[in-house]
Amino acid sequence: MKRRIDSAFVPVFLLFALHSCSAFYLPGLAPVSFCEEGKGGDDCQVNIQLFVNRLDSVESVLPYEYDVFDFCKDAEEKRPSENLGQVLFGERIETSPYKFSFNKEVKCKPVCTRTYAKGNQDSIAKLDFLKKGMQLNYQHHWIIDNMPVTWCYEVEDSQKYCNPGFPIGCLVTPDGRAKDACVINAEFNKKNTFYIFNHVDIKITYHSGAQEGWRGARLVAATLEPKSIKHSDEKNPTCGEGPPMEIPGESDSDVAITYTYSVTFEENNSIKWASRWDYILVSMPHTNIQWFSIMNSLVIVLFLSGMVAMIMLRTLHKDIARYNQVDQVKMNITQEKMLHGDVFRPPRKGMLLSVFLGQGTQIFIMTFITLFLACLGFLSPANRGALMTCAVVLWVLLGTPAGYVSARLYKTFGGEKWKTNVLLTALLCPGIVFADFFLMNLILWVEGSSAAIPFGTLVAILALWFGISVPLTLVGAYFGFKKPAIEQPVRTNQIPRQIPEQSFFTKPIPGIIMGGILPFGCIFIQLFFILNSIWSHQMYYMFGFLFLVFIILLITCSEATILLCYFHLCAEDYHWWWRSFLTSGFTAVYLFIYAVHYFFSKLQIIGAASTILYFGYTMIMVLIFFLFTGTIGFFACFWFVNKIYSVVKVD
């Protein structure tokens with residue numbers, strides 16, 4: 001905990017840190033130079049490779065690989081190596097048949113033609129799956145030079161929005177309602193008809209190095225415009241103005257789809273390579289809302305800080321001064337009221353509490369380091385999968401603090417079953433998460449989704465858990481049990497005193513429910529953007545804001561728990577161990593309620609599998625957040641109680 005003199009400096013420091021985070025941005029990869037044909041070399045590439053990623057939808061949690069939809073395939077298909085984070089997120093990147101050279105424009109080049117015969121069951125199944133993809137608004141995700149190929153269009157108030165994906169196609173329902181992208185073209189008007197985007201106009205913007213002192217050019221933007229065109233001549237398509245490519249909802253004839261593309265290049269030296277993601281990020285109007293969220297959270301922090309300062313400076317100071325000045329007779333009476341003989345009485349279920357606190361410490365350190373690195377730009381969107389990889393690796397390596405904290409607290413509680421404590425710390429919470437994750441993976445596997453984790457990756461995760469994390473937890477527990485128990489400032493009486501009748505607000509359940517409201521109020525706006533990035537497939541990049549909200553959450557959980565802990569001690573209720581953990585941990589319950597609200601109000605998810613997956617993964621988030629916030633509240637209250645009873649003269 002900080003001293004009171006630091007509390008006014010904290011917001012100023014955090015705002016400076018946020019500014020530093022946004023200014024100090026490190027791109028994920030080194031720049032690649034491109035040259036025209038005949039001018040290439042080892043330091044300058046000629047060919048531009050377009051990669052395709054999995055397809056996903058806001059109406060379904062199930063992503064699918066590019067090849068599942070029977071699109072044109074690359075004859076020499078290659079898959080770049082993927083890190084652990086990409087595999088866990090279900091990214092499946094592969095080469096595409098869309099190939100072109102730098103600064104060489106392409107006009108309506110055919111890629112392939114897919115024909116679906118009406119009498120062929122295999123063809124009918126493939127066409128039906130393609131229709132299902134259009135009905136659920138599945139989106140392509142293409143990549144050029146590690147950048148998303150975006151579809152930019154105007155939205156309300158003539159604002160430009162750049163979507164890092166574009167739809168397979170769209171549907172006009174049997175009642176004539178144009179769904180999703182079908183609203184962009186008046187020609188998409190035939191009832192019960194699908195319109196597939198079988199042509200793309202790709203535009204690549206580059207920054208020339210002629211005036212910068214380096215060879216070739218660097219790509220700074222890649223955009224496209226999807227179109228639906230019915231090609232009359234498959235071998236020599238014109239891609240001019242023509243009727244859209246229609247697929248009847250109930251087809252009674254063969255369907256042939258010809259895929260084509262055009263490529264143009266544009267030089268723009270005003271865009272630097274290091275800031276080439278900006279045109280995507282700027283189009284997402286989140287900044288004003290984020291600042292509103294920060295100011296809202298800071299008001300809550302200042303309010304709580306004022307309350308804690310008032311208690312520390314006035315009430316508590318006067319109580320202790322009055323207590324220390326009374327004579328021996330009065331002291332005996334006052335001691336009964338000050339609970340010093342019972343306040344450090346070990347809690348019930350101390351084993352479970354110490355295990356939760358060990359795991360919570362592990363999650364807290366992991367979150368802090370991950371967000372700090374993300375704030376510096378090391379885990380930027382350009383470095384795909386780095387965020388999840390970093391979090392998993394840190395969690396594995398931080399088994400030692402978990403074992404140490406759990407063992408030390410369990411010993412302080414007077415526990416003797418040290419073997420059980422070590423095993424539960426290493427296996428309980430990770431086991432619950434893994435079991436949930438494994439069940440979700442089974443559903444993904446049954447549904448044939450690309451997000452299903454391969455068996456080899458599951459074995460690798462288990463190897464990391466049992467081969468590294470568990471031994472490190474044992475090492476931490478060894479040192480924790482070797483250390484003496486934490487010395488309490490006052491002795492505990494042998495006979496516990498009776499707790500007087502409590503008012504409604506000082507009873508355990510109302511206090512715990514109230515305790516989670518203020519911390520949740522600090523994060524709920526940021527939570528909206530995080531859920532959007534997970535379930536609505538929007539890009540999340542404001543790690544500076546997130547790190548600031550993390551610090552505010554840390555302060556708010558601590559201060560709210562200290563306040564309620566003090567009120568309960570004033571009511572002569574000394575059962576604060578579990579209550580301090582559950583008070584701030586209850587924020588996770590509000591997170592779950594918000595996730596339910598988000599599911600029904602913001603998402604259009606349909607299907608039992610997608611619903612089960614949503615709530616299955618949400619429960620993992622809730623458990624991790626429960627341990628994280630509960631640990632913050634416990635240690636804040638532990639420090640507070642130790643502090644106030646260490647300055648009380650008992651003997």
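Each Cβ is built from the backbone N, Cα and C atoms, and glycine gets one as well.
Bear in mind that the values here come from a model prediction, so they are computed numbers and not experimental data.
Summarising the annotation, TrEMBL assigns signal peptide to 1-23. Here TrEMBL flags 291-313, 355-379, 385-410, 422-446, 458-481, 512-535, 541-569, 581-600, 612-641 as transmembrane segment.
In this chain, the transmembrane segment (385-410) touches the transmembrane segment (355-379); three or more CB pairs sit within less than 8 A of each other, excluding pairs fewer than 6 residues apart.
Contact between the transmembrane segment (458-481) and the transmembrane segment (385-410) holds: at least three of their C-beta pairs are under 8 Å, each pair 6 or more apart in sequence. With a cut-off of 8 Å between Cβ atoms, the residues of this chain six or more beyond the transmembrane segment (291-313) that come close are 4, 7, 11, 518, 521-523, 525-526, 545, 548-549, 552, 555-556, 559-560, 562-563, 566. For the transmembrane segment (612-641), the residues of the chain that approach it from at least six positions outside its boundaries are 1, 61-62, 343-344, 356-357, 359-361, 363-364, 367, 429, 432-433, 436-437, 439-440, 443-444, 515-516, 519, 535, 553-554, 557-562, 565-566, 569, 576-577, 580-585, 587-589, 591-592, 595, 599, 603, 605, judged by C-beta separation under 8 angstroms. Below 8 angstroms of C-beta separation, residues 353, 356-357, 511-513, 515-517, 519-520, 523-524, 527-528, 531, 535, 557-558, 560-561, 564-565, 611, 614-615, 618-619, 621-623, 625-627, 629-634, 636 of the same chain, each at least six residues beyond the ends of the transmembrane segment (581-600), sit close to that stretch.
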